[in-house]
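**Q** Just dropping this structure here.
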């Protein structure tokens, strides 16, 4: 009996040691976040082990674990019709809110899920519930794109998928089929989905036939650049759940089918050092000393190496491509973007990406709403139902829905 008690105590201590990580007091539901983060870390470690023994690619294994806990079939209710179909060869899940007699045409949002360009699905419970709520509360048609993921495809194929599906949806006969008002269509996405939505918006502005097709864009804690992994938010939240800095850098390398050996050097900005000529013209476009307010920059110092590794951008030129990093797009591209909503979270390495993009858009004359949550963390908006329900998740979702309702 005594030995059993000692063993149990040891197991509890080990579990507590694994779960506990120091968190700022201002973050929402800290113990629940620790448990969620520990679960995700555990899944990552299992998938890495599977990769190491040669059974499967670690991202395929990790996504299998994620989908096993929450993939949903297309289930319709009395208020929302849900169907799986494809738009020009790209899988989509369409959510149709009930039409109102006095409003024969409905507004619409093309939604792009997050997951580091490699994980999750439009069919997972979290995104199915989000899009169902959007369709019902906004009385809208929501098109959630099931774009192909790493390692099945790499940059820029994810962008090609979302562009192709969105162009198909915008065809007059398709809008007519779904009873959508062509003047009330927006694009939106979270995290890597926010990156793809921003890239989609920029591509549309450069096509005279598509420039005015989108009424708005709503970007939820978007990832927007891979040139500087030492912005104040990257420095502040280097080990913060659910997206530590080294994990974000690995997602970028995976997206470009690169080598993980580059990650340590990227984390100290060796890929954009002063002697890397390819990056020279782009630094001013993400100069956070001028784009961020003093309340954000605080006492943080830029990390700019004098001598770096030119091999990184030579082997991964995608790092400097505005399609992957919308924050570094030319000013002329930003001028024609639609009204924009950007949601950022304090406890998120990507916080400053969103704030800097908002500032660049404002400088270009775009109407921007920056919605910042002091107790928010990366990914929080999809966590609104038990057992992963967070108070900030509910508040971010309500704020996002309210803005869409007023502006779409």
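Residue numbering: from 1, along the chain as shown.
The backbone N, Cα and C atoms fix where each Cβ goes, glycine too.
Here TrEMBL flags 191, 348, 378 as active site. Annotation source TrEMBL lists domain 'Alpha/beta hydrolase fold-3' at 109-258, 319-381.
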**Q** Which residues, sitting 6 or more apart from residue 378 (active site) on the same chain, put a CB under 8 Å from its CB?
**A** 191, 221, 240, 241, 242, 243, 345, 347, 348, 349, 350
**Q** Would you mind splitting the domain 'Alpha/beta hydrolase fold-3' (319-381) into helix, strand and coil residue counts from DSSP?
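**A** The breakdown for the domain 'Alpha/beta hydrolase fold-3' (319-381) reads 24 helix, 19 strand, 20 coil.
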**Q** How many of the residues that make up the domain 'Alpha/beta hydrolase fold-3' (109-258) does DSSP mark as helix, as strand and as coil?
**A** 63 helix, 27 strand, 60 coil
**Q** Would you report the average pLDDT that the model assigns to the domain 'Alpha/beta hydrolase fold-3' (109-258)?
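**A** For the domain 'Alpha/beta hydrolase fold-3' (109-258), the model's average pLDDT rounds to 97.
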**Q** Measure from the Cβ of residue 191 (active site) and count the other Cβ atoms within 10 Å, all protein chains considered.
**A** 30
**Q** What is the total of other Cβ atoms whose distance to the Cβ of residue 348 (active site) is within 10 Å?
**A** 28
